[in-house]
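Colleague: The structure follows.
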Amino acid sequence: MPLPLLAAELAANFVSCILYGIYLVTLGMAVQVLLTKKSASGRRMRRRGWAELNWVMLGVEGVLLVNSTLDLSVAFATLVEAFVNYRGPGGPIHVFEDRSGWGTFVKTVCVGVQTLVGDGILIYRCWFIWSKSWPIIVFPMVLWLGTLASAIGLLVSTQQFRVGLVNSADGLVWGLGLFALTISTNIFTTSLIVWRIWSVQRQTKKYRITPAEEADEPESMLTRGTRNIVESGMIYTVCSILELIAFATQSPLNYPASALAFHSVGIAFNLIVIRGSVNQSDFYYPNETDIRFAQSLSTSNDMPSTSSGVESKQDVFILSSLHREPTSAPKLETSKAGEISQNSEFPVKSSST
């Protein structure tokens, strides 16, 4: 038995309220991470100076907060209209079936903004971790532009909505394109980020005297960052796949699935920031005896540079999980005498230590 439209709308509002509450809690924790840092002694937290603030991340937090609040407010206004104000024929179900009103238009705008901002910040992270390389994000940007076109098409098609489900034939093609493209963007871009981190970790691993996994050390910063990104990103990806299936089948389950995917954007974003800031002592950082260099090298080609290309002036790294300075691996240069000189942010002792 299919889920009635009225029950689907109520379920969607219930899911939205629960997830919005979770989002606000994670938002408060994420903003605290972005606004504060440990003091020099490491015992207290202090407020970041203006130059230390990550304005990009704070701006994204502000946009997601306003957009999420607007979406929930419109949903609440629709409930009041249906169950309190409307006295016409058909009862509350008539209000939910009427898709020609301003509420449908505003909620469609909110979905588009939430999707584009979430995908955009993911592409920005990918661009940053790949040493601000523009060619690497060409394909993700093409996908993002396709998502933008689909969002605009879906928004225009809402003018043709009259009675029935939002995922009716008028907006079906644009909606499918929107969700399929955002899923593709998330999977592809996250894969690029993970590949970059993994390759840097693989290169720097050879310069440790004893690998972390063999020395029973805590997992490395890069490993933690990779797991953080993948797990947090999977929340939104899985929710988007559920939304795509419900939308494609033209099921009333589209409404609770849409609420789930909508609020998962902000929650996943906050989790990446939060999880990157906790348990800093559990990270494995190369120390004075963890990195060693060969005494001599005939050519510089025998030992490639292991620079990660990651540079940030803030404790909160752009991935929000690789935040502890220094954030780059050692750079090795060969001197005229054939010995490796040190150009590294990590202190390195001689092999006698």
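Placement of Cβ uses the backbone N, Cα and C atoms for every residue, glycine included.
Here's the feature list from TrEMBL:
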COMPBIAS  340-353  compositional bias 'Polar residues'
REGION    324-353  region 'Disordered'
TRANSMEM  12-35  transmembrane segment
TRANSMEM  55-84  transmembrane segment
TRANSMEM  104-124  transmembrane segment
TRANSMEM  136-156  transmembrane segment
TRANSMEM  176-198  transmembrane segment
TRANSMEM  229-249  transmembrane segment
TRANSMEM  255-274  transmembrane segment
Colleague: Would the transmembrane segment (55-84) and the transmembrane segment (229-249) count as touching if the test is at least 3 Cβ pairs under 8 Å, pairs 6 or more apart?
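Modeller: By the criterion, they do not touch.
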Colleague: Verify whether three or more Cβ pairs under 8 angstroms connect the transmembrane segment (12-35) with the transmembrane segment (176-198), leaving out any pair fewer than 6 apart in sequence.
Modeller: no
Colleague: By Cβ distance under 8 Å, which residues at least 6 away from the ends of the transmembrane segment (229-249) in the same chain are close to it?
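Modeller: Residues 118, 122, 167, 172, 175-176, 179-180, 182-183, 186-187, 190, 193-194, 197, 257-258, 260-261, 264-265, 267-269, 271-272, 275, 319, 321.
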Colleague: Looking only at residues six or more beyond either end of the transmembrane segment (255-274), which have a C-beta under 8 A from one in the stretch?
Modeller: 8-9, 11-16, 19-20, 22-23, 26-27, 29-30, 33-34, 57, 60-61, 64-65, 68, 71, 110-111, 114-115, 117-118, 121, 166, 179, 228-229, 232-233, 235-236, 239-240, 242-243, 245-247, 316, 319-321
Colleague: Looking only at residues six or more beyond either end of the transmembrane segment (136-156), which have a C-beta under 8 A from one in the stretch?
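Modeller: Cβ under 8 Å, 6 or more out: 105, 108-109, 111-112, 115-116, 119-120, 122-123, 126-127, 130, 171, 173-175, 177-178, 181-182, 184-185, 188-189, 192.
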